[in-house]
Amino acid sequence: MEGRLLLLETPGNTRMSLAYDEAIYRSFQYGDKPILRFYRHDRSVIIGYFQVAEEEVDLDYMKKNGIMLARRYTGGGAVYHDLGDLNFSVVRSSDDMDITSMFRTMNEAVVNSLRILGLDARPGELNDVSIPVNKKTDIMAGEKKIMGAAGAMRKGAKLWHAAMLVHTDLDMLSAVLKVPDEKFRDKIAKSTRERVANVTDFVDVSIDEVRNALIRGFSETLHIDFREDTITEKEESLARELFDKKYSTEEWNMGLLRKEVV
């Protein structure tokens, strides 16, 4: 089977990037070619659909440090992004509404991709991938999370998207968390920092090398030949409309707007 590979990113505008993700998914029709998209975001925090920004992140800290706030179309928790993490999404036809099997299949593709790079990765929770930590050489024992994901589905189509930490600023990632009491900030930030890791903590690779491994891993796991393509006029038009009416508005990004406007 042939698929579409989209290298479509707007690093300086995370909100526009999310509009593209939703537009590509909503434009997809059952039987269309599967889509694999790669993109990055400059410093920003993306909250999940059901979250309220002021409850999840330190808005004052974000403002002082020039970090953009955005809210995505799917659920899940708040995620910090910068140019050191790699985002990717998959849209494909579906005959069922089983979201669990979707996450398992996508996680399998990611794990296979990371093993191409020489990483001993394995699925963590349903929506993330971790790397075992060597207790003899690492201070923190256990597992460290390097990727989280979210998804959506409707009749005939499924969307899955993920963010992988390649060489992200993990100190900044920890600092943007919302902490109820200021005196606990350092403790919670340290705890968060100890639970996550970059791919480059384990292997010396570039963003491009990780992307190429993911293309190969998804192609082999899903049995799809992804070929580079461009966004369609329909997808572009819907993305612009979604950005203007939803993703660019404070009501949406703060988590106060619940109804669909497009």
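Each residue, glycine too, has its Cβ placed from N, Cα and C.
Pulled from Swiss-Prot:
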type	residues	note
DOMAIN	30-226	domain 'BPL/LPL catalytic'
BINDING	Arg72, Gly77, Tyr80, Asp85, Pro132, Lys135, Lys145, Ala149, Ala163	ATP binding site
BINDING	Thr137, Asp138, Ala149	Mg(2+) binding site
BINDING	Lys145	(R)-lipoate binding site
Quick one: among the binding-site residues Arg72, Lys145, which has the most Cβ atoms sitting within 10 Å of its own Cβ?
Arg72
Set of same-chain residues at least 6 away whose C-beta sits under 8 angstroms from Ala163 (ATP binding site):
Val79, His81, Asp85, Leu86, Asn87, Met147, Gly148, Ala149
Long-range neighbours only, meaning 6 or more apart in sequence with Cβ under 8 Å: which ones does Tyr80 (ATP binding site) have?
Ser44, Val45, Ile67, Thr168, Met172, Leu173, Val176
Tell me whether Arg72 (ATP binding site) sits in a helix, a strand or coil according to DSSP.
coil
Mapped DSSP class for Ala163 (ATP binding site), helix or strand or coil:
strand
